[in-house]
Amino acid sequence: MTKKIELAQIQVLFLGIWRFLLHLRQRLVEDQINIRAGHLAYVTLLSLVPMVAVTMSMLSAFPVFKGIRGQIEAFVYENFLPAAGDTVQVYINEFVGNASKGTAVGIAALVVVAIMLISAIDKSLNNIWRTKEKRSVVVAFSMYWMVITLGPVLVGASLVATSYVVSLKLFEGDALSGVMPLFIERLPMLFSVAAFLLLYMVVPNQKVKFWHALLGAVVAALLFELGKKGFALYVTKFPSYEAIYGALATIPILFVWVYLSWMIVLLGAEITAAMPEYLDYESSSDINETNLDGQPLAAQDTPAAQPETTSAQSSQVLETTDELAATAPQSSTLDKP
């Protein structure tokens, strides 16, 4: 008896997962995340150099970050730009150096382009959440400016804190000697989960539950790590872009990776936004009343519907009886001799 109950619970669990995946697939088709990811990838490439320039300028404003700027750059390029990170780093640093020599108007233009990227991300995520209320211009600009100014500082502070913890003598013992390499190896994964979690909870202009955002963040971080390894393997083992484009191979490689990254980010957002919809639907309907395709079973006649049909038929019978009763005297009169 207990095994039957456990088997039924497992079946209900898998059926619920299957129904959620069907709902998620429908959402992905409706929202066209491939088109949104292409738009965000295009805006990202336009905003990449201005964003890096603004970020490095913010880090340079704090003396504590001057000594670890190279470490921050190496960490970002190695973990977020697989395979082509070294080449991209050389080009971006050169572009940033040229951009920093510009006038005040040019620097202001860089800030505007960087804000355009954050605005595009904001609009895409709020469209996924079906948000109807829009932020005011003042609130939106304040949020964008906070991301540009405080974002690099928080990233730098977290890396400084991590470097400090790793350098402590507390972790030099034999018991913890194997813990630190494992922690450092998992550090990019933890940063990815934290970044996605913050993105899914803060950017949408509505309340997002922590556990829903955490689920989307974990899935997105896992896919991001797998995507890095898979893309790096593809670029190194199948160098078709280098054979076709030669020295310009970095451009399409960077664009493809940015596009895949945004696909992963939007997929995590779709999972986070679909969870409350699915749970609300499940709370209002019985999971056993639908088939595996997510379609409701054929509705059967309910007792409540039968009285309506009976009353309708009764009214028709009464009308027919009245008509016959009205014509009956006439016919009887005509039949008299």
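Cβ coordinates come from backbone N, Cα and C, glycine included.
Annotation source Swiss-Prot lists transmembrane segment at 4-24 (among others).
Annotation source Swiss-Prot lists transmembrane segment at 45-65 (among others), citing sequence analysis.
According to Swiss-Prot, the transmembrane segment annotation covers 102-122 (among others). If you look at the transmembrane segment (102-122), the same-chain residues 6 or more away from its ends with a CB under 8 A from one of its CBs are 39-40, 43-44, 46-47, 49-51, 53-54, 135, 140-141, 143-145, 147-148, 199, 203.
Sequence annotations record features per position, and here Swiss-Prot assigns transmembrane segment to 137-157 (among others).
Look at Swiss-Prot and you will find 183-203 (among others) tagged as transmembrane segment, backed by sequence analysis.
What Swiss-Prot lists as transmembrane segment is 213-233 (among others).
What Swiss-Prot lists as transmembrane segment is 247-267 (among others).
Residues or ranges marked as region 'Disordered' by Swiss-Prot: 291-337.
Taken from Swiss-Prot, the feature compositional bias 'Polar residues' covers 307-319 (among others).
Summarising the annotation, Swiss-Prot assigns compositional bias 'Polar residues' to 328-337 (among others).
Long-range contacts of the transmembrane segment (213-233) within its own chain (CB-CB distance under 8 A, at least 6 residues past either end) are made by residues 79-80, 82-83, 188-189, 192-194, 196-197, 199-201, 256-257, 260-261, 264-265, 267-272, 275.
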